[in-house]
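Residues annotated as Zn(2+) binding site in Swiss-Prot: 124, 130, 151, 152. Residues annotated as K(+) binding site in Swiss-Prot, with similarity to another entry given as evidence: 437, 438, 439, 440. The annotation compositional bias 'Pro residues' is assigned in Swiss-Prot to 56-72. Feature annotation from Swiss-Prot assigns N-linked glycosylation site to 259, 266. As annotated by Swiss-Prot, phosphoserine applies to 564, 600. As annotated by Swiss-Prot, region 'Disordered' applies to 47-75, 538-572. Residues or ranges marked as motif 'Selectivity filter' by Swiss-Prot: 437-442. Positions annotated as topological domain 'Cytoplasmic' by Swiss-Prot, on the basis of sequence analysis: 1-229, 304-314, 369-381, 474-638. Here Swiss-Prot flags 230-248, 284-303, 315-337, 346-368, 382-401, 451-473 as transmembrane segment.
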């Protein structure tokens, strides 16, 4: 019995942390990575994430020496960033306890929650782990994210809201240094495609591609350079001057009254006509501001990477509408016809659009952008507040109308002598003023019943307004903290990653460290493996690498394999599958209590030919070179 129990035990070494459990525990979630691992033989074949079948690894010709205790555990197969997995002991088990040990190069802290899900049937999200990391680990272990318990779902979803908010507050990713880095990154950030060779013999296209992102950042991004900051301060100065001029034009000290009476020939009487004209000094100041706004608008539209998006922008529309009336007014001021005067009167009314230039400050102040995004994100809360107020206004306006009529005098049936609430629509105004705690005092109840209704209306208004306000404040705090964090992020520089050598290259297996490349097991040399590993890591991390060597052909992209005649005798069992095929639940692997609502289990349990659909964290990765296969005495199971 002890031997059978030891054979049923499995030791999972995840990132150096060992976890011990039973195979039956791992089989409680069929179709997941650990369930398929527990159901298959250790000597079974391995399937990659793309479904390619790997040849199993034969044991070495001679027993290799064990690594020292402080040396890292040799890695297993490395497929597209899926993680490393190794099985200790070959056919047998070299663990003193008798159980088999498998190594996964994954996050050990998250795996504790994953293993607890196999044991209890409840998947909880750790509060001290970043959301994308936990999401990636769930995808690796083959667990559906919808299995997360409701108590942890908000914690799990927080990272997605944060990522969406961070995408809103864009900051420049360029720094000084290599000029090529700025040009390439600036072109990508502005949406300008990198089209080498478009520049003609005279190089006009090349100069335009260099000038366009710089000029656009100069007028659009005040944090890109010192010159951009100077432009931003100048724009801010003219905005404030224009708004100040607009306000001073309404003051009587800057208004000049002129007599426009025209004598009529053979007329018996004359009608005096007066017009109010603005002080010419304010007109000149406004003209200087309009010239600056016109210059800024033309430069931005010329160097805009996307003209259509520029025209559709609300702030740009406000700029155009605020600039156009000034030129029309100057052009029509010399005309004396009645139609021209009517148009001038209309243009003077339209000039109030200039006050909307204050919204241009959102380009320069993060706090204003945060406020705008907060109002946009709190639309549901504002709608809820309006509904609550509308219900309260309707209820209390009706109550105050009938409450005031209760105390009416017998000789005043309409109650118009002792109260101002003559009808319910008039009570709407009183209810709004009372619920918002303004209390103008123009309308107030005069009977004891009306006073009671007024007190209830004031209390209900305080509670109604106070309920959605904390949600709006929390949204503002979240957006503001994320905006500040986005601004303090270190600026990125484009890194140069050397290309991986081709198999046909004379330097394919050479290393500067003079490492030995003589392998009796048809292994690749360590120098080549290190170089390929660096290249694979750079590609997986999202860095771009350029090279003059042609891409690999499809056969060359296949992982490096070991050839052995023993492969024919291996059983065709899998270690990990992304498609279940004709997989069915094991006869002895019943569903435990607590797993009935598991979507990971319901997607495949008892079904044949259905696919295990996992939401990938990243897009499928096609390696431009053979992936790393290290020399290890431990046979790979993944």
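Glycine is treated like the rest: Cβ placed from N, Cα and C.
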Residues near the K(+) site, 437, 438, 439, 440 excluded, by Cβ within 8 Å of the Cβ center?
433, 434, 436, 441
Cα distance, residue 151 (Zn(2+) binding site) to residue 440 (K(+) binding site), nearest Å?
47
Alpha-carbon spacing, residue 152 (Zn(2+) binding site) to residue 439 (K(+) binding site), which is rounded to whole Å:
45
Cα of residue 437 (K(+) binding site) to Cα of residue 124 (Zn(2+) binding site): how many Å, rounded?
45
May I ask for the distance between residue 124 (Zn(2+) binding site) and residue 438 (K(+) binding site), taken between their Cα atoms and rounded to an integer number of Å?
48
Which of the three DSSP-derived classes (helix, strand, coil) applies to residue 440 (K(+) binding site)?
coil
For the transmembrane segment (315-337), which recorded stretch in the set 230-248, 284-303, 346-368 gives the largest number of Cβ pairs separated by under 8 Å?
346-368
Hey, what's the Cβ neighbour count for residue 151 (Zn(2+) binding site) at 10 Å?
10
The topological domain 'Cytoplasmic' (369-381): DSSP-derived helix, strand, coil residue counts:
12 helix, 0 strand, 1 coil
Outside the transmembrane segment (284-303), six or more residues from its ends: residues with CB under 8 Å to it:
211-212, 215-216, 219-220, 234-235, 238, 241-242, 245-246, 310-311, 316, 319-320, 322-323, 326-327, 330, 357
For the topological domain 'Cytoplasmic' (304-314), what does DSSP give as the number of helix, strand and coil residues?
7 helix, 0 strand, 4 coil
Average the pLDDT scores across the topological domain 'Cytoplasmic' (1-229) and report the rounded value.
67
Please state whether DSSP places residue 130 (Zn(2+) binding site) in a helix, a strand or coil.
coil
When a 10 Å sphere is centred on the Cβ of residue 130 (Zn(2+) binding site), how many other Cβ atoms does it contain?
12
Distance between residue 439 (K(+) binding site) and residue 151 (Zn(2+) binding site) at the Cα atoms, whole Å?
44
